[in-house]
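Record features, source TrEMBL:
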type     : residues : note
TRANSMEM : 9-26     : transmembrane segment
TRANSMEM : 38-59    : transmembrane segment
TRANSMEM : 66-86    : transmembrane segment
TRANSMEM : 92-113   : transmembrane segment
Amino acid sequence: MPFTKLNKAGMIIALVLGVLDLIAPFTPTPDGEDGPPYAILVIDAVLGLITVIAVVIAWRTARRGAVRIAAGARIISAVTALPAFFVDVPAALQAAVGFFVVITIACVAMMLAPSRRPVPVSD
């Protein structure tokens, strides 16, 4: 079944978020500053790679399974960011994490939205 424009928009957003996750380990938090541990950055990079690969496969083959894998990777990536709300970090960092969590929720909902194909009525 082909993807709708909404599904494709969600996949594009997921692809961008995945690429942003891929570059995170190359910009670690400097010593003495608040930010995620390096291990979390590496985990997010792996999840970003999974997202990028799954989105490319889904786009080329129109398989819903690949979309589900991309959505799962995005959800796990968002969960790794949630501790920023429970530890003492600057408000700007909390706002950035909140923004990315909301964008992740939106892109997952867009990717997993069912296509609206007409259903024949048999009377």
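Even glycines carry a Cβ here, placed using N, Cα and C.
TrEMBL annotations: computationally assigned, not manually curated.
The model shown is predicted, which means the values in this text are computed figures rather than measured ones.
Counting residues 6+ beyond its ends, the transmembrane segment (9-26) has Cβ neighbours under 8 Å at 3, 38, 41-42, 44-45, 47-52, 55-56, 58-59, 67, 70-71, 73-74, 77, 100, 103-104, 106-113 in the same chain. Long-range Cβ contacts of the transmembrane segment (38-59) within its own chain (Cβ-Cβ under 8 Å, at least 6 residues beyond either end) map to 3, 8, 11, 14-15, 17-25, 28-29, 66-67, 69-70, 73-74, 76-77, 80.
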